[in-house]
């Protein structure tokens, strides 16, 4: 399993916009490394003497790093105030050992590198201009979304401030763009947090940050398209929300920089944090995004994060803390069709955004560089492999992966190839990308790729042609789970079901930092990109709309509304499929289902969680007092605190490990629907377990009234030989349907990460 996860992650890093590198982090002539150091809060007397936290932090550093005028004075990189009690500093291993002897020291570890994980998606989610939820939520006006990513393209029309008021009075952030006039009432702030980058530009040199920011809250832009395809009016999910940009990545990201940006964003006054990056962790106290998100949640800030692109394997999730909304990727009903016709007249439908008008039906010879068995990179159309293959005047077969898809086409075109067919590998399944290629191309599924290879091997003179069908709306199998979308169960806490939700993350058209058509800077550029990085800002935008419509709701209440109203069927009213195999997707791929923003605006009941409720939950994970204190940022004694199993947290879903014993858990719901209402329990039983609810009816007489119920999970007397299974508990009234998914995990132990 561990090997499968590693293989999947490597493919996704190269193919799904995961642009982290494994480059050396520091100059070779230095033995200094950036450590994130956690310390206990200073005593009141110490704090009174020092006057500020930074003085307390500096007291842990070796004397040579604190001397005024010392060349080492800059080695204190960040002083954290909100997200953790601690700092980041450039230290040697010997200096860290000395620091460990000081009173108040908790831990120090080297920073880690994190991975970076539209015209149609708002309407696919039911958001229409001048009506419904968009209108009721005022398009997110007055809400501030903080984007932690690769920077911004400030002069892009998606970030115009037409129709936006000035930021609310609580906003305390700043604009470091040069000139500062590049900020406006849409783009209200931009700050830089990359320790090792000497370039120090807030401009997006990658595209990822511009894309995610516009997906969350881009303003309306007419005529957005790529090569004329997917044409329409582009808009983010919360088009009138404000954006605050925190540049933390430049092709790669470090957790010390991300933590610093979260620290500042909390002070700045953001309402939502959107974080499309991360990695896998064994536990929450190791994960500094989780630590920062906990502090943000305590301040009422909603945190939305991408699940990762490690699918279709289980236990491949990042950002899985229960105080984070963990977002997987789904498809929309739009396809940009490009098809391959073989010499035997077989036709295989694929996708490509590049669709030249002068294409012909001429059959060209078909060539496969992978026929060279001595070259491991040849099947993927690496540049050296292409140069060693006669591709001139031919259509080239390339396997998906290892080389970015658009780059494959560049190499093929440079070598004289006329077109390209990209064939998925088995784990990529049926998820295809409508990339902005530089030559005619068709990206086809694994099954179709196998058939194309069978034809290629069956004849001495294989031929093919590429033809185009343009943009097609109305694919009834949408939404489906993208094959690359990371899957649960939750590694650090299997009593919490993750991912929480699916959002559009396949072939998303949004703002881009440059023109994909001529590779020159213009003021109107869009690109189509896939990944859970694209799904996350959709949910960040939904959270902003809900925050605008319900300013008194807590982050947990907003999350509950999103989870319990999710769609579980596709446009054909069939169960959501998994694009890895086109079978019904399981609960560890879908979470609660696909987001339904309008339904989330009026959920009927919510499952709320206050910050104090996480204390017995964290103590119940059997973390040491020090490790729980690292998350809470205060001293805690779990021996005197109450403890609960993780499945007992008042989460809007259920996840239990199958055991030959009866398990009972309670939940408390708050009435936010109609004052006088009656809800009846409806159960879909998971295989191998009987689920019973007491009481079976909830009667409310006023708004904000809370009622508690108990769920009993009993193993069947003769349980079948089963794998993980799923069911649901839904509370229904005359008006509302409040659904909680149920996951049953067969405990075979945890894989290595």
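Any Cβ shown, glycine's included, is placed from N, Cα and C.
Note: TrEMBL annotation is automatic and uncurated.
Keep in mind the model is a prediction, meaning the values are calculated, not measured.
Here is what TrEMBL records for this protein:
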- 149: active site, charge relay system (ACT_SITE)
- 208: active site, charge relay system (ACT_SITE)
- 533: active site, charge relay system (ACT_SITE)
- 34-117: domain 'Inhibitor I9' (DOMAIN)
- 140-569: domain 'Peptidase S8/S53' (DOMAIN)
- 364-452: domain 'PA' (DOMAIN)
- 648-744: domain 'Subtilisin-like protease fibronectin type-III' (DOMAIN)
- 1-23: signal peptide (SIGNAL)
Among the active-site residues 208, 533, which residue has the fewest other Cβ atoms within 10 Å of its own Cβ? 208
The domain 'Subtilisin-like protease fibronectin type-III' (648-744) resolves under DSSP into 1 helix, 57 strand, 39 coil
Rounded mean pLDDT within the domain 'Subtilisin-like protease fibronectin type-III' (648-744) lands at 95
For the domain 'PA' (364-452), jot down how many residues DSSP puts in helix, in strand and in coil. 31 helix, 18 strand, 40 coil
